């Protein structure tokens, strides 16, 4: 059944037509287009009252009235409203939206969330899972430009700038919302979306609720093949569907997408279309009702009326339409309220499923010179016919610049105009054009016009956290990421940029399809003239370009270029010097210049280097002409020291000191400095006899030598940035020179070597030049750019504009000038100080800016300035301007304080200031370099200005000029005293000048700068390429044009120039000669053509190359080649470089010519032939270390050298050569090397010839060990070394002189110790302290040999804290030690540092006051000696006594060692001796161990290993120990006589006594085990006790016997019964602990793998995690936890243990993510417990607030989980506040829980209040319990009764009475049901309530 709206449409009811009758269309006229409410409210001539009356007319009258309205307006954005249906065409497809072209030039967008429900669900699922879904396809895979779609307007939003955006949806639920299941009929054309892919077809979402639409697979095959978007339809794909069959009243629909069926579909009356469900895109048959000037009205589907605007007429029929004409039309839009229907008659839309015509890409943005006006519409615009016959439309606002300038008369039909195509409307099939001049001339119109690397102008549009949005044009916006806002990272970009600021950017990346534009504001990139690297194919090896660092890690730097091209700079290519931490040297965003080493475009791999093969600015073209034997004595550029002979007005007459004053020269005044002011001052200060060092020879004409002291000119000559003759000058060069003459028409500039050029008036300055003398003075230093040359007249035109000659960094250039100025001023001060001039000059030297003076006012002038005098300024003029007097009114004679601003030494004037802000003392603030400050100009000198910082008052100097050529300023540009400027500090420490050094902020200072091209360098060689007809072997005659070190340029004729290589001049080249200098400029030569050189690449071209005729001919003047045949090698083809190199064999000797020494790469570049180049690594240049230190001085450019071929380089384009032959690195060889690394206390790493490295131990640095052996070695030092060994690629070296010069008889103080056999007992040795451990000091004797010094042998003092040893025996300390013992088998060396052993002072000073080891021992030994002597005397006296007495005495002496009950003197002595020996033996045993053994494990047990030996322990000693310790006694006994019978009996009794004691000791249960035998007995008795086995292991570990401890563990694992799993696991854990502490990672893993096999894996994993965590191996622990999470996902304990670990590390965020993963992995029933446990952990180790949130969210979901409530209470009682705890209790007691549980919580609440609350709070809890409990349980809680007084009244309301009592009237004595808790309660209750009587009876206390 149709909806209400369908049955009752606007305008009345339409009856269904009956047979033979036609419906009357007039009844539907009420919804026709004529009302136009949605378009715009137009003014009508009729009054409002007339309109009101019209509403009451009948339908036919209304229609007649409306027919008079003739205006049909195009659709405008104002007419759109929410819910409007439109037909649109996809214009652009991006990842997140579709851009839709709408009728009449409008456009909107469809967000990705408005496609369909199925697609949105997939999106949400992908976001939730965080993983890409296979079923989710990007929009670009499903939609393409040109596809027609049905849309609905969801909103029209207005932006801040007034623009409106149309948001659309193509979701079928919204588009087809007018349809319902009952309205569906076969033949309908609907839009649907694939919602699911099934086995036999597809489920289609058509947006009709209750309807399931199915598309069979066979019906879709033709469509799938046609669209070519894969083998299957995709979820979210849009389809035009034909309803084939409707079943079950529309609940099931079968569809078809066959293209032919869809194209032929037509909407008819039978399909029951109504105004409420009419859809755009339907093709209908329509009848023309009326034709009007701007369109026409149509009727369709019998009863509906629509409109067609002028843009949607069929252009072929134009306006040739007549009423009642029938035609096909397509519905474009339906307004939701007025129901106005718009249609189109264009052919492209009359066949559903088609697409409109599109504009070719080359036409977009095209400028049409002549377009003809076809029609002009006053309200809308004009239609034009373009040059290709197509129609275009221009809106009214695009016809003129402004409304005022618009002239309608200019747009009459036939008028011609120039326009530009700015857009194309797919829905109108028309170009959109503009006649605005600024749009026609615009550089960029759309994203396609912008290319990577373009420099664009834009305006700041918005500042966001990710960066800054820049508006390039109205339709183009770009993003400048935060990293690219400046050359440095800006922390507060809003301070530098404001919205609306004009900025100049460079395009980093442009993606027109995605409308993505990434820009950069880094000046270094914007101004770069290097090639733009925007794809991997362009990255050719050797390319040098600019990039920026995006990542700096330990492996190197990742550098990014344009279009997201990235490359890696490995660590070894970061610099010529090793960089250990690249992240500290390079920062993210840093602009760098890199060279491409290798590129693999397919893999997008790019290998780069910061070590450029040649210096920038083509410095590889530098030349250095060697000294030639000339007639003149001094060469230009030679540095000399001079002595002043005479001062003249024009300069100084000096004598050159090198020739002992015999040679006289002159220094013009203007050549004393680069600064005019210093020239005058220096001339003034110099006197006869003064010496000027480092002056350069500028010209030497034999009798007249001119010198110069200009530092800029000297630097240019030394760096070869000069030209020596006119022939070397090329346009674009930048040369340093000086003004020779200033003329009205320009400036003449002279350069070293006499070349002169003219800078015309127009090229002198960026500013207008009125008078040339205002800009430059004679002698001024300038930098000039060569503009053009005239070879015939030998004239050079120059440019002196700062914008042309500056490097672009004005701040750096101006600071360099300022630094040089003050450096030269300091030299003048030092000159005056050394001379010891009178007090006036000394006073000038002492006065510096910033110094305070006590002065007396001498005079106040009329202009307000004042003169001062004072003792410290005698002979000087001290003045202060009116400004600097401040507000002070001073009078002559007044004393005052003043601050020195500037001292003019030339005029002896001192400028001071009395201003308070300068004089007052301020707290010193810490200033930082490159910090910006506001400053006030205080004084202006000739070359700089003195300013004071506002914050601190400190004085700083800023340069006035930013460049040598920056000499003129208009008055408005000049600095003024008192002016506030912004300065950037460059030097923050006050130096001898008394001021800080700063530069004026370049942001505030306008400097005209143009960055020069990369080609505009000092020495670019530009030989013109002229087409010629020369061929191989031709003989030519030419004139030498210029002579270079490695080649000579020859002019063959007026236009053609050739080149002669140095190898093609002589047949036999003497080594060390310079072949090219045998020729001179102007010399005639006859040569033969042998090849050619490419103009651009300078690559050698053979004669067979196709471009040879356009190359520079390569010539030869060798006599053998002129007369004979040309070498065949030169006939090889172009691509045969490798073959050419292959002609040279390894070991072959060749003659080559020095090109230059590459300082960056540290190699000598040479040329073997015109087409063969080579490189000689630094270490293969010579075996002389002096040559290697300064190779650039030893090898002159062009010099012939003999070299040996060692191979080819990596690129296989250069020969690798050696000047020292092929180096052998065998044992005993002496070679040279360079220090590459200095490792403290270890030694050196040396780079050897051939690219290998070797190691030098500190023991091999010198024959005499030194305290700081590595102090003399720095990275880069060249050394001679001897190879000790070369095994397995490891080379050991020695720098000992005894090795390098075996024949020399120099004394070797510290002999080499190579093995343990070189060490003898008693020997004194020297070495270095290696380390200190608990067992002693380890002492290095050689590279591989260590000795140990026990602590008692370190010093005679007893030291308790070992940290004292570390202080006085640091690692690397040089000491002398004595060898106490050598164990060859175990390679143990025992040493001593005791003074009595070494003869050296004690290593621990006596001043520490430590107790001595031998203090007590000496006393004891003294007592023992006395007793021994007494015994000897006694023995002598008794010797003469009877034999029996003697026997008795002897027996006594024999028994005493074992008889402990005896108390004689001898017994005391024996016991003491034995104890001492045992203690000493034990101590030695514990101390002596191998140097590589680990320290003892400290185990806490119930016994201690160092327990004193007592009598019971003596018999337990091993037999060997007994015999060794009783050797002295045996010796004594052997001296005695043979034992008697009685003595033998006593001996037997003694042994029996010992055995008894031993047995008793073993049976003692309290006795602790003392030896391995003891433990063996214990484990035999209890083999399954893991604690005994662990104690046994600990016993061995205490003695550092690791292997024995391992063996015990293995025994335990074999012995313990397999059923005792826990006991075995304990041993496994102990073994894991042991391997973790003393083993390697490999041994630990082996034990772990075994443990996992034999035990429950989870327990082993958890124990190892604990072991890692306890030993602070957090990285390994984390890796193991990750493994556990994969292997034991379902184990709750794993997640909890990992969470505990993370929280202890402080990783709270990681713990939160872990909880999410745990909840996904674990079953649902575990979730509550897991969340609770995580929350408890958070309380203990993490964030308590997050823990509370977890508990709260859990309890809100599970309010009846009393266990969680209980845990929460416990934790909050412990950690929370009382208020929080009470809040929780209050929430719990108001829950609806079982009475038993409520009782529990009330009891806890009451206990809490009793402990922490007051009496009132306790009472409140009780009341709450009484109120809550009766309603829930039949018995009053006992815990409450226990606290009630004897009588309580219980008040119950009628509603809360027991049910059985509600109907009974209580006794009159209890009117409010108030009963007393008393014995009489039973009788007081109603009779029928016996059970309730019982309740109250039971409550009696």
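Even glycines carry a Cβ here, placed using N, Cα and C.
All TrEMBL annotations are machine predictions without curation.
Some features that TrEMBL has for this protein:
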- 1413-1449: compositional bias 'Basic and acidic residues' (COMPBIAS)
- 83-171: domain 'S1 motif' (DOMAIN)
- 187-258: domain 'S1 motif' (DOMAIN)
- 281-346: domain 'S1 motif' (DOMAIN)
- 365-436: domain 'S1 motif' (DOMAIN)
- 453-522: domain 'S1 motif' (DOMAIN)
- 542-611: domain 'S1 motif' (DOMAIN)
- 732-801: domain 'S1 motif' (DOMAIN)
- 1033-1106: domain 'S1 motif' (DOMAIN)
- 1147-1220: domain 'S1 motif' (DOMAIN)
- 1228-1296: domain 'S1 motif' (DOMAIN)
- 1322-1394: domain 'S1 motif' (DOMAIN)
- 1-32: region 'Disordered' (REGION)
- 1398-1499: region 'Disordered' (REGION)
- 1519-1550: region 'Disordered' (REGION)
Most Cβ pairs under 8 Å with the domain 'S1 motif' (83-171), selected from 365-436, 453-522, 1228-1296: 365-436
Within the predicted model, mean pLDDT of the domain 'S1 motif' (83-171): 88
Three-state composition of the domain 'S1 motif' (365-436), taking helix and strand from DSSP: 7 helix, 36 strand, 29 coil
Secondary structure content of the domain 'S1 motif' (281-346), with strand meaning DSSP E or B: 3 helix, 35 strand, 28 coil
The domain 'S1 motif' (542-611) - residue tally per DSSP class, helix then strand then coil: 10 helix, 35 strand, 25 coil
DSSP-derived helix, strand and coil totals, residue by residue, for the domain 'S1 motif' (1322-1394): 9 helix, 35 strand, 29 coil
Three-state composition of the domain 'S1 motif' (1033-1106), taking helix and strand from DSSP: 7 helix, 31 strand, 36 coil
